[in-house]
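Chemist: Okay, here's the structure, questions in a sec.
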Amino acid sequence: MARELRALLLWGRGLQSALRAPALAGVRRGKPVLHLQKTTVHFRDPTQSLASGISAGQLYSTQAAEDKKEEALHSIISNTEAVQGSVSKHEFQAETKKLLDIVARSLYSEKEVFIRELISNASDALEKLRHKRVCEGQVLPEMEIHLQTDAEKGTITIQDTGIGMTKEELVSNLGTIARSGSKAFLEALQHQAETSSRIIGQFGVGFYSAFMVADKVEVYSRPAAPESPGYQWLSDGSGVFEIAEASGVRPGTKIIIHLKSDCKDFANESRVQDVVTKYSNFVSFPLYLNGRRINTLQAIWMMDPKDISEFQHEEFYRYIAQAYDKPRFILHYKTDAPLNIRSIFYVPEMKPSMFDVSRELGSSVALYSRKVLIQTKATDILPKWLRFVRGVVDSEDIPLNLSRELLQESALIRKLRDVLQQRLIKFFIDQSKKDAEKYAKFFEDYGLFMREGIVTTAEQDIKEDIAKLLRYESSALPAGQLTSLSDYASRMQAGTRNIYYLCAPNRHLAEHSPYYEAMKQKQTEVLFCYEQFDELTLLHLREFDKKKLISVETDIVVDHYKEEKFEDTSPAGERLSEKETEELMAWMRNALGSRVTNVKVTFRLDTHPAMVTVLEMGAARHFLRMQQLAKTQEERAQLLQPTLEINPRHTLIKKLNQLREREPELAQLLVDQIYENAMIAAGLVDDPRAMVGRLNDLLVKALERH
């Protein structure tokens with residue numbers, strides 16, 4: 001068993017379709033069968049099943065292992081129908097052969113969806129009958145859908161025990177492509193819309209998808225009312241159909257599809273079972289293929305969250321995500337306002353790979369309408385930054401074009417996307433409050449997606465909502481403890497308008513940065529941002545809760561423009577005099593040339609000899625990183641226009657002042673190195689190897705004195 005599971009795990013990594021992942025979808029001869037696309041894996045020991053339970057109502061239920069006998073076949077499909085009386089011919093009203101060709105060849109991208117459409121219509125008919133019988137207080141008959149394949153005859157048959165159709169209904173429902181039987185039925189029951197809203201969409205359109213694969217379509221239908229006659233509807237899709245009374249017709253509807261020569265694969269049982277497993281596993285009614293029950297999965301997103309076990313969640317997650325880990329977070333979200341939504345979302349336990357982060361694919365969430373699959377990966381219902389989320393969304397309000405495959409990009413879809421995004425953000429915020437340590441690990445693994453969301457989203461209010469999920473270390477908190485922007489804002493002193501941050505590779509470099517040192521005099525809390533894209537993220541965010549996000553590097557430049565004064569309280573003998581400082585700055589401007597725009601004095605620094613200031617340094621730094629070709633020092637200087645600010649109290653600056661006249665060659669080496677050190681501290685030098693030669697010269701000069 002262990003060896004088989006390991007082999008299965010390795011094979012499963014190559015799966016492509018999210019909804020063709022491991023799912024116990026059927027049983028044969030007492031052994032669970034694991035369907036993986038078109039491959040089946042049989043376990044040698046029937047007692048070693050991946051799921052337990054024997055009732056169809058249980059998730060991933062299998063036949064009891066103890067039952068050694070093969071389950072008896074159950075089918076209602078038989079050739080009892082016979083045409084009697086005259087045949088009447090009708091032309092499609094306003095639906096010509098050309099229009100039929102459009103529906104059959106252009107509307108659907110995959111021919112296999114005709115099975116999904118016909119199953120949906122059968123479910124529709126059963127739902128109508130159930131509603132009618134319940135309202136009338138009558139006993140419900142067997143509510144079933146049956147499919148039968150016949151490879152010799154090249155046919156596939158689908159039959160339901162639903163409400164059936166009269167002769168007039170056959171003409172109106174199947175004679176007009178654009179007519180919706182379900183819609184008309186709902187209009188007649190508007191006062192009971194809540195009960196009737198479960199009916200699955202447009203019957204007429206779905207029915208005509210059969211002509212993608214059919215040379216001829218036979219329909220036998222009989223209303224559920226006693227003594228009602230049955231009828232045959234027959235057409236080859238050429239623009240004309242025939243109707244005749246028929247005997248031997250069971251209540252409900254039976255459709256026989258005579259397949260085209262290039263579509264004979266749909267007369268193969270395994271091919272049909274693959275399609276049903278892909279699209280219709282969650283239909284509410286029992287679904288049989290050649291006498292065997294094939295839809296054994298339960299739509300757990302429609303259940304009460306209290307009734308779903310942890311095991312069921314794990315198995316369902318593995319099914320929809322083609323995964324082998326467990327979900328770290330589970331959100332079961334149900335609402336009827338402002339939209340009808342039944343959904344389950346999972347966040348994988350496994351850390352995303354670089355492929356997961358960089359891939360251009362959209363959502364990994366499947367979209368259903370009343371438990372019928374619409375899209376395996378619905379790219380429009382979640383924003384791209386949430387592509388790490390796995391799950392299912394089921395909504396009766398989703399607008400569909402004639403084909404269920406072509407979702408309209410409408411205001412309703414955008415509303416659904418906004419509602420789901422806000423609910424997921426709220427869920428993550430709640431999780432951060434519930435278990436901060438678990439959330440911190442989640443943010444470490446998935447924080448890059450949130451940063452992407454802020455950078456790629458245009459609306460400021462949505463940016464700020466996503467920003468509530470960001471976490472950073474802070475100068476006001478111990479190392480390792482994270483804080484949010486909301487928590488930072490709550491600690492701000494009255495009248496403070498800015499949230500300050502500093503980007504550095506780690507806390508040690510942040511705390512020893514000349515820019516953080518310059519902020520200490522203000523006694524202001526500073527967020528420490530360590531990730532590569534934090535700076536770009538905060539530049540795009542700009543503000544949070546009406547407070548500006550300011551890099552401490554930018555704040556220093558702004559202070560200079562505002563000509564804020566910082567008093568130097570050190571004794572006169574410990575610093576250069578004002579005259580010496582002015583002369584030194586003039587010499588440094590000349591020595592550094594075009595590499596600097598200006599040289600100034602600063603009293604913000606204590607342990608650092610100098611620092612570089614650039615207006616909008618974060619944006620400039622990001623721009624330099626994005627350049628394909630390395631730039632020379634002169635080109636960088638022209639772009640950055642840096643100002644070098646010197647600390648007149650520092651030993652290096654005082655020694656430089658002494659050396660500039662006594663040993664000009666050594667002084668030049670020293671001022672070049674002070675400048676380069678400041679550029680490195682500012683993160684404006686990607687490759688420091690160019691300065692190695694100068695450092696060697698400085699070491700030689702230092703050793704020559706001994």
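Cβ atoms here come from the backbone N, Cα and C positions, even for glycine.
Sharing the features that Swiss-Prot gives for it:
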- 1-60: transit peptide (TRANSIT)
- N121, D160, N173, F207, R404: ATP binding site (BINDING)
- S172: phosphoserine (MOD_RES)
- T176: phosphothreonine (MOD_RES)
- S196: phosphoserine (MOD_RES)
- K264: N6-acetyllysine (MOD_RES)
- K326: N6-acetyllysine (MOD_RES)
- K334: N6-acetyllysine (MOD_RES)
- K426: N6-acetyllysine (MOD_RES)
- K433: N6-acetyllysine (MOD_RES)
- K468: N6-acetyllysine (MOD_RES)
- T496: phosphothreonine (MOD_RES)
- S570: phosphoserine (MOD_RES)
Chemist: Counting only other Cβ atoms and using a 10 Å cut-off, which of the modified residues K334, K433, K468 scores lowest?
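Modeler: Ranked by other Cβ atoms within 10 Å, the modified residues K334, K433, K468 bottom out at K433.
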Chemist: So for K264 (N6-acetyllysine), how many other CB atoms are inside 10 Å of its CB?
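Modeler: I count 15 other Cβ atoms within 10 Å of it.
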Chemist: If you count the other Cβ atoms within 10 Å of each Cβ, which of the recorded positions N121, S172, N173, T496 comes out on top?
Modeler: N121
Chemist: Distance between S172 (phosphoserine) and D160 (ATP binding site) at the Cα atoms, whole Å?
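Modeler: Rounded to a whole number, the Cα-Cα distance is 20 Å.
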Chemist: Of the recorded positions D160, K264, K426, K468, which one has its Cα closest to the Cα of K326 (N6-acetyllysine)?
Modeler: K426
Chemist: Which residues in the same chain, at least 6 apart in sequence, have a Cβ under 8 Å from the Cβ of D160 (ATP binding site)?
Modeler: A122, S123, A125, L126, E144, I145, H146, G252, T253, K254
Chemist: Say you check the Cα of K334 (N6-acetyllysine) against those of the recorded positions N173, F207, K264; which is nearest?
Modeler: F207
Chemist: How many Å separate the Cα atoms of N173 (ATP binding site) and K264 (N6-acetyllysine)?
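Modeler: Here the two Cα atoms lie 27 Å apart.
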Chemist: For D160 (ATP binding site), what is the secondary structure state per DSSP, taken as helix, strand or coil?
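Modeler: Its secondary structure by DSSP: strand.
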Chemist: How big is the gap, in Å, between the Cα of K264 (N6-acetyllysine) and that of N121 (ATP binding site), rounded to a whole number?
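Modeler: K264 (N6-acetyllysine) to N121 (ATP binding site), Cα-Cα distance: 22 Å.
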Chemist: Near K468 (N6-acetyllysine), meaning Cα within 10 Å, which of N121, F207, K426, K433, T496 (recorded positions)?
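Modeler: Checking each Cα against K468 (N6-acetyllysine), the hits are K426.
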Chemist: Looking only at F207, K326, K426, which of these recorded positions has the biggest number of Cβ atoms within 10 Å around its Cβ?
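Modeler: When each Cβ's neighbours within 10 Å are tallied, F207 leads.
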Chemist: Measuring Cα to Cα, how far is T496 (phosphothreonine) from K433 (N6-acetyllysine) in Å?
Modeler: 26
Chemist: Helix, strand or coil at K326 (N6-acetyllysine), per DSSP?
Modeler: coil
